[in-house]
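Read the structure below first, then the notes.
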Amino acid sequence: MTDVLIVVALLLVAGAATAAVLNRDPMRQALVLSFLGLALALLFTFLQAPDVALSQLAVGSAVTPLMILLTVRKVRRRPGSGDGVDKPAGRER
Amino acid sequence: MSPRVRLWVFLVGAAGFAALFAAACLDLPAFGTVPHPYGVRAVHAALSHHTANVIASVNFDLRAFDTLGEESILFSAVIGTVVLLRQARDEHRKDPEPATVHPPVRRFALLTLPFALLVGLYVIAHGQISPGGGFQGGVVAATALHLLYIAADYRALERVRPLTLYEIGEAAGEAAYVITGLAAVLAGSAFLANVLPFGTLATLSSGGTAMVLNAAVGLEVTSGIVVLLARFLDQAVEIEEPGEGGGSPRDTRDSGGNGDDERERA
Amino acid sequence: MTVLPYLVAGWIFLIGVYGLVTSRDLIHAVGCLAVTQSSTYVLLLAVGYRNGGTAPVFADAPTDSRVVDPVVQALALTDIVVGATVTALLLALVVQLRKRHGTVDPDALSELKG
Amino acid sequence: MSTSDGWLAAALVPLLALVPVLWRIAYGSPGDRLIGQNLTSLLAGLVLLLAAQGFHRTSYNDVALVVSVLGPTGTLIYARFLDVLPDSRLVRWTALVGVPATVLPLCVATGPGRAMAKLLLIGVLLIAGSVVTSGRGAREGVTA
């Protein structure tokens with residue numbers, strides 16, 4: 001049964017990693033990275049590494065995405081300048 | 001290099017890597033079958049030093065010198081970030097506008113804050129007994145402090161967060177680690193050797209110097225992450241470049257969420 | 001199952017590098033680097049796993065129980081936290097680049113250099 | 001150490017529920033993504049609790065404890081930056097039904113003691129965090 005959990009978690013991690021790379025807007029990427037952090041934490045728990053899971057949880061699901069969000073906010077504050085923003089806001093629905 | 005050429009170079013490299021990596025994987029022992037001689041020895045060494053959490057023992061006892069290196073990377077990375085994100089001469093500070101927070105959110109955050117700090121300290125303190133330790137607990141405690149940013153707002157956070165204190169705390173953590181190592185030399189042993197009494201397995205005071213080093217790392221990581229987040233928050237919320245117009249940063253935001261948000265309000 | 005964890009680690013590495021190569025935004029590139037980093041954790045922990053093993057934490061387990069390898073866990077554990085501060089350093093560099101050159105597109109930046 | 005397959009099979013349920021949540025986070029609107037983030041930490045907490053029981057290791061519950069503290073914190077901070085905190089019935093009901101349905105059997109299995117107190121604490125934190133971050137009207141406060 002542990003094996004089944006590990007396989008599902010592995011596939012979840014692979015999917016989350018792919019989604020994190022394919023989301024080109026850093027604002028969206030930050031939330032996917034936070035999901036990836038949690039998925040990795042689950043995988044590490046199933047691999048009997050709760051210490052590493054704790055570490056990954058705190059860093060991957062909170063600190064890294066938060067810093068990315070803050071950088072995005074800083075970088076995009078100056079109005080009307082060309083950023084590397086390649087997703088217009090309206091595309092999301 | 002044009003993007004097209006770069007992509008081709010990547011594809012060729014990736015194909016090569018994939019082929020070699022897959023071949024290597026097929027040659028590896030199957031997942032979860034082989035015992036590791038070093039792992040077995042590490043477990044014996046940790047138990048002989050009365051440390052219940054073998055991972056903490058590896059980090060702070062068997063490979064303590066290695067962790068000193070890791071800690072120094074962390075230390076210098078934080079210093080580098082602080083230098084890069086300091087307020088330049090042509091930038092000016094402006095007070096962020098106070099935000100109003102919905103009462104349930106504020107109440108929840110204020111109630112959770114002390115509790116979350118406590119969880120962080122618990123994770124640090126129980127490093128040598130249960131899963132946890134200075135590295136993980138430090139991050140939890142530092143993130144917990146930023147609950148205040150939601151609970152009240154940025155200015156309240158600045159008031160309870162004397163940044164200098166955390167900068168000193170970070171340096172003190174690093175220094176404490178080195179001093180503990182040197183103390184072992186003074187006691188007539190090797191640098192970072194475990195010279196303190198080992199205590200009883202699975203109690204708070206077990207593990208000898210592992211416990212002290214764990215606390216030093218906890219102090220450094222907590223302070224380091226708080227300083228990092230503070231610098232980023234400063235840049236994002238307070239510091240303005242000369243070209244930027246006045247007004248609140250929220251007005252000039254250009255995030256992916258903006259368009260949808262307007263529509264939702266309409 | 002015998003090789004799947006290793007292959008997943010390889011996939012995460014490749015997709016992360018793909019993101020780095022094709023990125024048009026340095027912040028996105030830093031995120032991709034974080035993804036690439038996580039592949040090493042998956043590989044390390046997969047190598048250290050043992051069927052039927054439990055965590056080498058003996059506070060609530062008998063000391064003679066079969067455990068997974070603690071050494072690789074210690075490696076991954078410290079690297080995660082140190083990696084986060086390095087990510088912060090890279091993001092700080094991005095903020096500075098944006099200030100000096102007004103863009104975070106790596107291609108536009110290399111054009112500036114000439 | 002032996003494992004209990006029943007508990008691990010139960011852990012599979014919230015774990016599989018994370019798959020559509022990933023889809024929502026990757027391709028949804030900003031509101032959807034925040035709901036997804038909120039659901040992720042809630043479901044992950046449940047998976048961790050069930051897995052800890054399945055592996056017979058009470059010390060694994062510490063991971064769930066940290067999720068229950070950091071999850072809502074993360075959601076609220078993102079809400080601050082994305083300027084949305086959507087009202088979500090899905091999150092609220094998952095918390096109000098899913099958490100008791102997980103924690104109470106776990107408490108019965110553990111029996112009274114420190115471990116049970118910790119379980120109840122994690123349960124309360126998970127429910128409180130989810131209800132506050134998905135509550136009606138929370139949105140106005142954050143966007144103001």
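Think of each number as a place in line: the chain as shown, counted from 1.
Glycine too: its Cβ is placed from the backbone N, Cα and C atoms.
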Quiz item: Which residue range, B:135-154, B:155-174, is the one TrEMBL calls transmembrane segment?
Solution: B:135-154
Practice problem: Please list, for the domain 'Na+/H+ antiporter MnhB subunit-related protein' (B:106-226), how many residues fall into helix, strand and coil according to DSSP. | Solution: 85 helix, 0 strand, 36 coil
Practice problem: Could you give the residue numbers and ranges of same-chain residues that sit at least 6 residues beyond the transmembrane segment (B:108-129) on either side and whose C-beta is under 8 angstroms from one of its C-beta atoms? | Solution: 51-53, 56-57, 60, 101, 136-138, 140-145, 147-148, 150-151, 202-204, 206-207, 210-211, 214-215, 218, 222
Self-check item: Residues from the same chain, set at least six apart from the ends of the transmembrane segment (B:135-154), whose C-beta lies under 8 A from its own
Solution: 59, 96, 98-99, 101, 105-106, 109-110, 112-113, 116-117, 119-125, 127, 160-161, 217-226, 229, 233, 237-238
Self-check item: Chain residues outside the transmembrane segment (B:72-88) and at least six past its termini with a C-beta under 8 angstroms from it
Solution: 167, 170-171, 174, 220-221, 224, 227-228, 231-232, 234-235, 239
Quiz prompt | Integer average pLDDT (0 to 100) for the domain 'Na+/H+ antiporter MnhB subunit-related protein' (B:106-226) | solution = 85
